[in-house]
Amino acid sequence: GYALMAGAHGFWMLLLGRTLTGFAGGLTAACIPVYVSEIATPGVRGALGATPQLMAVFGSLSLYALGLLLPWRWLAVAGEGPVLVMVLLLSFMPNSPRFLLSRGRDAEALRALAWLRGTDTDIRWEFEQIQDNVRRQSTHMSWAEARSPHMYRPVLIALLMRFLQQLMGITPILVYLQPIFESTAVLLPPKDDAAIVGAVRLFSVLIAAVTMDLAGRKVLLFVSATIMFAANLTLGLYVHFGPKPLTPNSTVGLESMSLGDTEPPLATPSSYLTLVPLVATMLFITGYAMGWGPITWLLMSEILPLQARGVASGLCVLVSWLTAFALTKSFLLVVNAFGLHVPFFFFAAVCVASLVFTGCCVPETKGRSLEQIESFFRTGRRSFLH
């Protein structure tokens, strides 16, 4: 895909290359969280589960930095580097022990677990737990099994988490970040604001990776949704009642938004009130990156049953990206029809719904093995403590 884009002699080559890289990105987005969760020990699974999101943010910032120096063709060439490194390093990595046991390759699974845990670690108890869990499940899931609560409940929780994660507005806010800043009165240049938000995003994901195994998943989800609610509500109120920019903006159709009959005062470059959109957006990105961003991916790989893990993780990614696509395409339509403040109020309402959903449906998985988590759904217990 990158080679096609780098050497493109026509628009069709760019589309084909982007299609291939998008397909590959979808595969890795579905596989990496599952693979990481299956090879990690419970004590570090949270930190390791946050690294895909951390690396994704770091990669985006790196490409933005390279984009200031290189033309787009050379950016595609630069994309080949991580791909080749990944192919090389993956050749030394074993399949996960759970996958190998599900295929009847017990000896290979034992060797893989010994390689992952180190030669000095006693792996017999962990191997027997994984082996027992795999043997209790059939290789292919029947329709009757799919209708069982221990099977569909975790799948529904994972799907709804991916759906709510996107409905909170992360994708349209990141896509239209600079136009949003240009359509509101800001003290700093919009390009500088976007760069600052990107750096805050990287720092916040790093905080999540460090604290996830200490604070727990549910606590961070509650804190994350609360911060995003406050940020979205602030942005909506600022856009509706705050100052307007001195010059009209014509970027991506945001100029047609209506803020009502009463015209707010025009902003001056020295007004510190114009820092509100930047601070609120930084707060939103911080909240998302420390909770609903990485934890949604992690919980997806933790709670999905072994039988349905492959198909269900792919379905979760599909739901997530379809929701992101629909929300991004409809964002400008809503802005032009009702005003820029309306989407932010909608995102704030979704954050409230996510708080209720987390409290009622999401289990705490900190420090639990994947076998314990699956047993939790199988037995229908309300707590791991019983």
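Each Cβ is built from the backbone N, Cα and C atoms, and glycine gets one as well.
The domain 'Major facilitator superfamily (MFS) profile' annotation in TrEMBL covers 1-366. The annotation transmembrane segment is assigned in TrEMBL to 12-35, 47-66, 72-93, 155-174, 194-212, 219-241, 275-299, 311-338, 344-362.
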Winner by Cβ pairs under 8 Å against the transmembrane segment (47-66), considering only 155-174, 219-241, 275-299, 344-362: 275-299
Contacting positions for the transmembrane segment (344-362) when only residues 6+ beyond its ends and CB under 8 Å are counted: 157, 160-161, 164, 167-169, 217-218, 221-222, 225-226, 228-229, 232-233, 235-236, 239, 292, 299, 334
Model confidence over the domain 'Major facilitator superfamily (MFS) profile' (1-366), averaged pLDDT: 80
